[in-house]
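Here is the structure we will look at.
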């Protein structure tokens with residue numbers, strides 16, 4: 001019988017600790033996921049040990065907790081698939097493909113090499129091959145969501161480097177999940193193993209039958225004008241159905257959920273549909289269920305039983321993971337003509353393992369490929385690589401460089417100007433019309449002039465870790481652009497071209513100066529005192 | 001170890017069947033909850049029996065399923081508490097209180113009487129008192145969410161009868177949960193029983209400390225301008241914390257969740273906050289987790305083992321539940337001066353047991369007060385009383401009467417008119433300004449005239465069962481009213497008063513005629529062909 005009082009207490013404790021340590025991580029400049037992983041480990045045997053641990057997480061509560069964690073994981077992997085966006089790779093295909101392969105192949109090979117040293121001590125007799133391949137695959141992951149978060153936090157996702165990093169991470173995502181699925185298939189054992197051959201027809205069915213069917217969701221979404229319960233039910237059914245199928249086929253349910261997300265329709269009205277689905281699933285899944293996953297993952301981490309020899313193993317893992325990834329990415333980026341500094345930044349960014357690694361490791365543990373010791377050490381590796389990204393990035397690609405990149409991107413966007421350029425700074429959209437009119441009046445005093453309306457809104461508060469947040473941002477920017485454009489339309493004449501310019505900023509007042517100097521205006525119109 | 005393939009399969013099967021039968025229920029004019037309860041029973045031993053049942057729901061999957069169901073139930077009870085709205089009772093306090101007490105007391109007393117007949121066969125030795133009281137309490141429930149759904153489906157929630165029914169249901173809700181909590185407290189047994197005395201200080205703490213703290217959420221919500229992950233986390237923490245506390249105090253977790261929802265801040269910006277919270281929690285909780293509750297509840301229903309004597313018991317239960325509720329409500333309503341027809345309608349409406357009853361019954365089963373047989377019979381009673389509401393209502397309070405009520409309510413709202421009244425029918429808000437101007441021109445030809453702008457939008461598609469849906473509706477109406485008012489403001493002069501009028505309609509074209517005749521205009525302005 002389920003002990004519901006313990007279940008509820010666990011939910012409260014886990015929720016509170018995950019938020020608290022996530023917040024703490026932010027305070028020291030780390031992505032929240034670092035704190036959340038630590039929260040999971042802290043609740044496990046390493047810290048609480050047998051004293052509180054046995055009371056908080058008795059044996060019979062584990063499978064209910066795991067049920068919640070698994071439902072959260074299905075939703076999460078669907079979101080990861082849904083946010084996979086081919087457009088991220090567009091125009092960067094060559095570099096993205098090259099860097100992805102390079103930054104995956106080297107840690108994979110090195111990981112397999114390390115695995116050969118460890119195989120006798122750690123691998124089960126019947127899974128030696130799977131063990132070697134799994135360790136290789138686990139070394140080559142990159143956490144797309146964490147990466148996206150780091151980029152948006154630093155305002156880097158609109159720079160060339162940011163775009164490149166997102167493109168590489170998207171390709172690595174597909175690569176890593178595919179390789180992992182193959183490894184898990186190999187690792188499968190015993191009866192039912194034959195089902196694995198059905199994976200290929202299942203994949204074809206998904207691509208050639210389910211995907212076209214999913215496209216039909218869009219017109220019925222447009223007709224309803226909103227995400228109806230029926231539509232959301234269909235999506236949930238498909239997601240859990242696909243997850244169940246891959247689990248049944250002896251792979252793992254995460255692949256089905258990911259694939260289903262990746263096959264959701266794109267473009268046009270579908271984007272709005274996806275955005276609404278994200279909005280419904282994300283917060284509850286991420287806030288309530290995913291912390292359960294961290295804890296279930298953390299409960300298996302036991303750092304207390306590590307022996308002296310483990311330190312050497314850990315060192316080996318860290319070297320393979322970090323050096324393999326950094327060198328693989330840097331060398332292949334340089335080889336493809338990416339400048340030195342950007343190559344270093346790129347390598348640093350895709351070294352982030354984050355949540356993705358934890359998911360992969362828990363698959364390995366569950367499939368019996370990893371033992372507890374190696375699992376624990378690999379979790380530490382995930383933690384270290386994620387935590388090192390920020391500080392290392394500050395070294396190889398300082399924030400001033402990012403600011404220069406942004407200014408350059410903006411200068412390129414505005415184009416060269418040969419006429420009198422009037423920049424109108426609009427701190428508050430309510431005054432857009434009045435300020436545009438004032439700008440037009442200033443411009444009218446010159447024979448040939450142009451107007452640039454600028455509005456830099458502040459970033460919308462905290463964002464969720466999972467979920468790029470880009471889609472929400474896009475929706476807001478679109479609405480802001482609409483208002484700017486309507487102000488522009490009022491003053492635009494055949495003789496006065498008007499451009500509008502907006503983007504989110506972490507520090508609107510500070511960045512305004514940078515922007516204004518990048519736009520190289522001949523005249524600036526705006527309220528003297530920026531509104532708070 | 002959790003068998004995740006079975007868990008996922010169960011999720012898919014339950015989700016699909018619940019939606020399917022819910023849809024089927026709608027086809028035959030029943031609220032979806034009827035189909036969903038049937039889905040839960042169908043998956044249990046009564047229908048699938050041991051053949052498929054054992055494969056789909058093996059022993060060791062029950063506690064993971066129950067974990068999902070319980071998380072869903074916490075969210076659901078929070079929503080029920082959140083949607084409790086004192087304003088529903090405002091101005092109807094006397095009648096609402098009287099009818100609530102009458103319609104609760106009679107079935108309670110009759111239920112206790114019936115229980116005395118059953119106590120020797122069904123009650124455990126040490127819980128005879130709890131058994132009697134519980135059966136009484138279980139007879140007197142009313143399902144507020146189902147009732148609200150029936151009312152909005154019939155467009156009745158804006159009539160006097162609908163308002164009265166909602167007010168009564170709100171009071172009964174509080175009454176029933178309080179009585180049930182007391183009964184459960186009495187039923188508690190063995191060690192830890194003393195904790196029950198802590199319930200009172202806990203309630204006081206919630207009201208005098210937690211409630212004021214919750215009010216502080218509103219300013220920080222206003223500052224952020226949206227529901228941030230931090231705010232939602234706080235609400236989730238509070239909800240699960242309160243749920244855990246009441247469970248720990250030997251009552252039941254549903255009461256804590258309900259109380260926390262009821263203590264959320266109200267009015268002003270808080271309404272927008274609550275609306276956003278609902279939006280996030282409702283769909284996922286209702287679509288994904290609540291069906292699990294129906295199934296867990298249904299798995300305990302076994303109609304195959306019933307004996308001949310059970311038929312008499314069932315008959316007794318049905319008579320007590322239906323006659324007790326109908327007579328109690330009707331007599332007390334008549335006594336308080338409610339007209340005959342409305343009293344009958346009111347009694348019919350609050351006879352709906354729906355989901356609320358299932359929650360109560362599962363508490364009884366879990367606390368060991370009900371045995372499987374009586375539990376099964378009571379579930380049948382819940383089903384019957386819910387399914388009979390619609391047909392019986394058609395008899396005692398036909399739809400034509402509802403239409404008359406609506407027309408009367410609208411006539412009353414517009415007031416008598418002694419001047420030339422011009423009704424402007426606006427099928428499409430985009431033309432509101434133009435049509436208002438046309439109406440003003442028509443009115444200008446008369447010495448003293450008034451203008452009424454009418455817009456009847458179509459109901460926004462399907463609504464969720466749980467969750468009144470009133471809050472969403474309210475938000476939309478407010479935005480529509482804003483646009484109508486801005487059109488009105490353009491033509492309003494000291495000599496031309498302008499009223500605006502809007503409400504949702506299931507059949508805008510048809511009801512427009514009814515409305516226009518109710519408004520008794522001297523002149524109608526509008527496009528000749530109503531836009532589709």
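Each residue, glycine too, has its Cβ placed from N, Cα and C.
Annotation comment: TrEMBL describes A:15-393 as domain 'Cation/H+ exchanger transmembrane'.
The list of residues near the transmembrane segment (A:67-84) in space but at least 6 beyond its ends in sequence, with Cβ under 8 angstroms from a Cβ of it, reads 144-145, 170, 173-174, 239-240, 243, 253-255, 257-264, 274, 277-278, 281-282, 285-286, 288-290, 292-293, 295-297, 355, 359, 466-468, 470-471. Sequence annotations record features per position, and here TrEMBL assigns transmembrane segment to A:67-84 (among others).
Positions annotated as transmembrane segment by TrEMBL: A:96-119 (among others).
The transmembrane segment annotation in TrEMBL covers A:131-152 (among others).
According to TrEMBL, the transmembrane segment annotation covers A:164-188 (among others).
Within its own chain, the transmembrane segment (A:194-214) has Cβ neighbours under 8 Å at 181, 185, 188, 238, 242, 245-246, 248-251, 259-260, 263-265, counting only residues six or more beyond its boundaries. According to TrEMBL, the transmembrane segment annotation covers A:194-214 (among others).
The transmembrane segment feature in TrEMBL is assigned to A:226-245 (among others). Listed by sequence, the residues of this chain that lie at least six past the ends of the transmembrane segment (A:226-245) yet keep a Cβ under 8 A from its Cβ atoms are 74-75, 77-78, 202, 206, 210, 214, 217, 220, 253-254, 256-257, 259-261, 264, 273, 276-277, 280.
The feature transmembrane segment is assigned by TrEMBL to A:251-269 (among others).
Look at TrEMBL and you will find A:281-299 (among others) tagged as transmembrane segment.
The annotation transmembrane segment is assigned in TrEMBL to A:311-331 (among others).
What TrEMBL records for A:343-363 (among others) is transmembrane segment.
The transmembrane segment annotation in TrEMBL covers A:375-397 (among others). Same-chain neighbours of the transmembrane segment (A:375-397): 29-31, 33-34, 37-38, 41, 46, 138, 143, 146, 150, 154, 161, 297-298, 300-303, 306, 310, 313-314, 317-318, 321-322, 325, 341-342, 344-345, 348-349, 351-354, 357-358, 361, 364-365, counting only residues six or more beyond its ends whose CB sits under 8 Å from a CB of the stretch.
Between the transmembrane segment (A:311-331) and the transmembrane segment (A:96-119), three or more CB pairs separated by 6 or more residues in sequence fall under 8 Å, so the two stretches touch. The stretch in closest packing with the transmembrane segment (A:343-363), judged by the count of Cβ pairs under 8 Å and taken from A:164-188, A:251-269, A:281-299, is A:164-188.
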